[in-house]
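Asks: Let me give you the structure first, and then I'll get to my questions.
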Amino acid sequence: MEAKAKVKDIAISRDRVTLCDVLQEGTFGRIFHGILLDEKDPSKEKRVFVKTVKDHASEVQVTMMLTESCKLRGLHHRNLLPISHVCTEEGEKPMVLLPHMSWGNLKLFLRQCKLAEANNPQAVSQQDLVHMAIQISCGMSYLARREVIHKDLAARNCVIDDSMQVKITDNALARDLFPMDYHCLGDNENRPVRWMALESLLHNDFSSASDVWAFGVTLWELMTLGQTPYVDIDPFEMSAYLKDGYRIAQPINCPDELFAVMACCWALDPEERPKFQQLVQCLTEFHAALGAYV
């Protein structure tokens, strides 16, 4: 099986992995908090995320999980979280291991902040959110330099730890764990329609510029604490809606300068969108200015 061959060099024995609590569960996929024992010294252990599938998962679903898990393999950047190991022993459902990040999935974290906001308006500040956006744009700038196209950048495909460090992950199992964020437009493929650039929707064209579009939507997710973009638009109408020049509205309490950054990411012409390196610079300047006001 080709997918298994791709990960042979990071395959480890299942005996080294202990599954703890389930963090997320879909129809066929699960993410566990797990413990990985050190190969040389079993008294040493580290915390990991473990992505795996249930017994009834199909061969296609298993292959897809392994293939998508390889998206960031071999890339090293402080704002990326590639897989560290896999267990692909015969007769067992494969497991994919990633380094643990204490606050977990960014979209779920933002939604928790939204719930906490009523009691604690300072749960997460605007400055924190802009800092998260800078980190995501740094990771994406690195991918663009390496000519890697993510194709599914969104808050659900990022993770965060308790020092507010954010890392971009692959999208393995995302369709199963966030089914409301993906739609099938009659071509039998589940796609993140509300995050996609017009050229991707119409012609399946993907590039760093279409990743920039998705970054604009991810920035909107940050500023709304995890709301769903274009929630009232029928997924089948999205391309017509975008073509007519409509976009998601400015979030409440979102500064005009920040919304202007999002709007640039949603230019119809991919050439007119900013590059990730420009976004890093622009957001860093905005972050510094916010700091000056506090």
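Note: Cβ is positioned from N, Cα and C throughout, glycine not excepted.
What TrEMBL says about a protein is an automatic prediction, not a curated fact.
Sharing the record's features from TrEMBL:
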ACT_SITE  ASP152  active site, proton acceptor
BINDING   ARG156  ATP binding site
BINDING   ASN157, ASP170  Mg(2+) binding site
DOMAIN    17-290  domain 'Protein kinase'
Asks: Whole-number Å only: compute the distance from the Cα of ASP152 (active site, proton acceptor) to the Cα of ASP170 (Mg(2+) binding site).
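Replies: Cα to Cα, ASP152 (active site, proton acceptor) and ASP170 (Mg(2+) binding site) are separated by 8 Å.
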Asks: Rounded to a whole number, how many Å is the Cα of the residue listed as 'ATP binding site' away from the Cα of ASP170 (Mg(2+) binding site)?
Replies: 10
Asks: By a simple count of other Cβ atoms within 10 Å, which of ASP152, ASN157, the recorded positions in the record, is least packed?
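Replies: Minimum Cβ neighbour count within 10 Å, taken over the recorded positions ASP152, ASN157, occurs at ASP152.
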Asks: Which whole number is the mean pLDDT over the domain 'Protein kinase' (17-290)?
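Replies: Mean per-residue confidence for the domain 'Protein kinase' (17-290): 95 out of 100.
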Asks: Which residues of the same chain, at least 6 positions away in sequence, have a Cβ lying under 8 Å from the Cβ of ASP170 (Mg(2+) binding site)?
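Replies: Within the chain, ASP170 (Mg(2+) binding site) has Cβ neighbours under 8 Å at GLU68, SER69, CYS70, LYS71, LEU72, PRO82, ILE83, ASN157.
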